[in-house]
Amino acid sequence: MNYLRKFLSAPISHRFSPIVIFWFSLSLTFAAFYGVMALQKAFSVEYVVQDDARQHVFWMQRFLDPNLFPDDYIADYFQSVAPAGYTAVYRGMALLGIEPLLFSKLLPIALAIITTIYCFGLTFQLFPVPFAAFVSSVLLNQSLWMKFDLVSATPRAFLYPLFVGFLYYVSRHHLIGSCVAIALLGLFYPQYVFIGSALFLLRLVSWQSWRISLSRNWRDYLFSGIGLAVAFAVMLPYALKTNEYGPVLTAADALNSPELWPGGRNPFYHENPFYFWLIGERSGILPPLLPPLIWVGIFLPWVLQYPSRFPLASQISAEIRILKQLIFAAILMFFAAHTVLFILHLPNRYIDHSLRIVLAVSTGILIAILIDWALGVLVPFSGQGQQIVAGGMTLIFTAGLIFYPNYTPSFPRTNYRPGTLPDLYHFFQQQPQDSLIASLSGEANNLPTFTHRSILVGREYAIPYHQGYYREFSQRMRDVIRTQYTGDSQVVQGVIEQYGIDFWLIEQSAFEPEYFSRNRWLQQYQPEADQAIALLESGTLPVIAEAIARCTVFETGDFLVLQSQCMINN
């Protein structure tokens with residue numbers, strides 16, 4: 001019994017003791033294991049891409065071939081909003097000859113391992129029990145692989161290794177590490193510089209017996225002052241930067257944007273206030289999709305009220321306050337983001353990421369405390385039978401923690417989107433690099449990634465947060481709908497020449513009235529959508545439909561590719 005207690009819950013003062021190395025190595029093993037599971041999905045077929053990577057990665061092919069996506073409005077926009085650090089990492093890999101899409105599949109496992117290292121170190125810094133650090137690391141990994149942040153290999157994927165690293169260095173009062181971490185946050189995921197800055201300020205404040213007092217240690221002011229100066233310096237370029245794609249969307253305009261309501265590209269608002277404020281993916285205060293066990297951590301403050309019953313709780317460092325400070329800062333930024341929509345981007349981003357980290361660390365600490373308490377209760381009855389029972393229960397718990405995800409559907413959740421039309425991709429790859437493709441089909445979303453050719457519009461790229469960009473995008477959508485469903489050849493010629501469209505990708509089912517009724521997103525573009533439905537219901541054959549027989553240059557399955565010049569000439 002004593003050996004089991006020492007193995008699971010004994011405090012360790014030496015960071016490089018064998019038991020610490022064991023639990024640390026096991027943490028890395030499971031981080032790598034989950035990452036390999038994701039890699040299997042990433043390379044399951046020839047054409048596959050993570051959903052969000054279709055926005056943030058496709059344009060980086062320019063690093064390998066600057067002639068790709070010439071004068072591409074969509075590619076230029078996403079390149080302009082990409083954080084500098086994120087862009088630099090992919091550019092560096094491209095200089096080594098690694099394609100951006102390939103790198104986006106390999107990157108998540110590396111980020112997961114770095115996150116695990118810092119999570120283990122943070123938990124061990126707050127509570128020197130290596131088993132607790134192991135539990136925290138595994139739970140955080142499970143949490144990350146239940147969402148698409150890490151696997152997306154987009155800017156927010158870098159948040160976890162950088163921010164958990166920031167918490168680790170702050171908890172150790174490591175000035176250089178803290179400053180480097182918050183500077184990197186500004187280069188990769190600048191929203192969380194606000195959280196880091198709030199933590200620097202909160203370190204100067206203490207709350208005891210319902211009274212607020214300021215620190216009397218000048219070193220605290222020096223530490224926080226330098227950290228805030230670095231945060232200010234890294235955020236200053238964002239404040240001074242002029243966005244060529246117009247101002248950020250205002251709350252008043254957002255309320256009238258179909259893209260931000262259910263059925264739109266980025267649903268934010270909801271008619272149900274409960275859904276909007278609590279569980280909305282972008283607006284709610286509660287994070288979705290967490291391992292059930294991770295919620296146990298909310299009871300840690302209650303256990304800490306009874307140190308005589310739970311003696312291991314005395315090993316918790318005073319730096320545990322950083323978890324409370326993080327929750328406070330996250331809630332503060334959550335409501336601040338709601339107050340100034342969408343200047344601080346999405347409110348849920350602040351609370352979601354923070355709560356995942358806090359719950360993982362808290363749960364690891366609490367479980368170690370409870371196991372130590374349970375084993376302590378069994379000491380008076382430490383016969384061989386009781387030891388076997390205690391060991392068996394501990395083994396069952398650990399196995400349940402580790403293998404729980406294997407019994408959940410789709411773990412790890414990756415949202416990888418396979419490309420199902422390789423012949424179509426090969427056809428477009430053979431076309432000139434300056435080719436422009438127009439389409440209302442969902443398959444258009446895959447073309448920039450798989451063919452390295454420009455598209456005029458695509459649902460995946462209908463991001464409404466910058467008014468100038470979305471105004472142009474919306475106009476293009478209306479023009480494509482109007483052109484695809486008109487009986488006037490002059491309209492077709494005018495739009496093709498206006499945008500320089502080379503190919504038109506259509507589905508053969510696109511000329512059935514049900515095509516629009518099945519696509520709620522297309523219906524928001526009014527009055528063009530209703531006019532298209534009326535034309536189809538009247539039995540009138542659109543100009544593009546008439547051109548199918550003579551202008552089709554490629555066909556596969558339900559998809560047809562029409563040459564635009566052919567439609568104009570005839």
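Glycine residues also receive a Cβ, built from the backbone N, Cα and C atoms like all the rest.
TrEMBL annotations: computationally assigned, not manually curated.
For the ranges 388-407, 528-547, the feature annotated in TrEMBL as transmembrane segment maps to 388-407. Within its own chain, the transmembrane segment (175-201) has Cβ neighbours under 8 Å at 83-86, 88, 155-156, 158-159, 162-163, 165-166, 168-169, 223-224, 226-228, 230-231, 233-235, 238, 322, 325-326, 328-330, 332-333, 336, 344-345, 349-350, 353-354, counting only residues six or more beyond its boundaries. Listed by sequence, the residues of this chain that lie at least six past the ends of the transmembrane segment (109-136) yet keep a Cβ under 8 A from its Cβ atoms are 7-13, 15, 19-20, 22-24, 26-28, 31-32, 34-36, 38-39, 144-145, 150, 157-158, 160-161, 164-165, 167-168, 171-172, 312, 315-317, 319-320, 322-323, 357, 360-361, 363-365, 367-368, 371, 401.
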